[in-house]
């Protein structure tokens, strides 16, 4: 498995993203065509009436203000009604170029595989090495601990992959509706919807970038652990499992961090809340186990008392015969 030819996450990503890309292109093209005629007509009427009022002195504005408004209208109309221009300046930048550039800058994998594929396959390869070096009877314990270790890494990779796919699917829906929300910028009453659309677009773009950054960081940490020299899997198992659990918690906190970054505020409660929820889950499990043990103990004590009474009754009965 050292050639990293098996890439499950990369394959699944390809199956998902290709239809999404087609849907986004179709949606952008359809919306641009649908709003082209009414938006161009409204822009022409607005420029004509606004310019007429400025030139006749009915509106106290300078020609510079008129030119600025005309330039804004031309830019918004071009972005909203021209699908090729929209794809060049919005779709390609936020959906592909930005994430790919950051991923290429951070990702130093010696293969072209997805970062989660690289982590999973590297862990599996190291597990095979430790299993091959174990003696015969130890292979059972090595196989058990190695399977648990790989399961922890799989949970970590699946968690990160789900967050990444969530960000990309959300970006497809947001970018697909871009021409409509951009056209709303022309009117003061609907400009707030365009501002909200831009904030949401930046939010999920940051989320996608954070997934790439965290995946790369955790990849380097896990690979640093795996590249060490271990005489037994007992020394390899704890750090890999702990790092995988911490990584899964951090992936769960990424949407909140991205939302805080897009709004300009710090976010320190995500990891604490996630850890608190896990602690609550574990404590609830412990309480459930304790209650089950108490119930079993009370049942056993009740059965023992019943057996004692039955023995006494049986003894009394034999005495009367």
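Cβ atoms are placed via backbone N, Cα and C, with glycine included.
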Looking at 84-104, 105-125, 231-251, which stretch does Swiss-Prot describe as transmembrane segment? 231-251
For Swiss-Prot, the entry transmembrane segment belongs, out of 169-189, 253-273, to 169-189
For the transmembrane segment (231-251), which recorded stretch in the set 30-50, 59-79, 142-162, 169-189 gives the largest number of Cβ pairs separated by under 8 Å? 142-162
Does the chain bring the transmembrane segment (30-50) near the transmembrane segment (142-162), so that three or more CB pairs sit under 8 Å (pairs 6 or more apart in sequence)? no
When counting C-beta pairs under 8 angstroms to the transmembrane segment (59-79), the leading stretch of 142-162, 169-189, 206-226 is 169-189
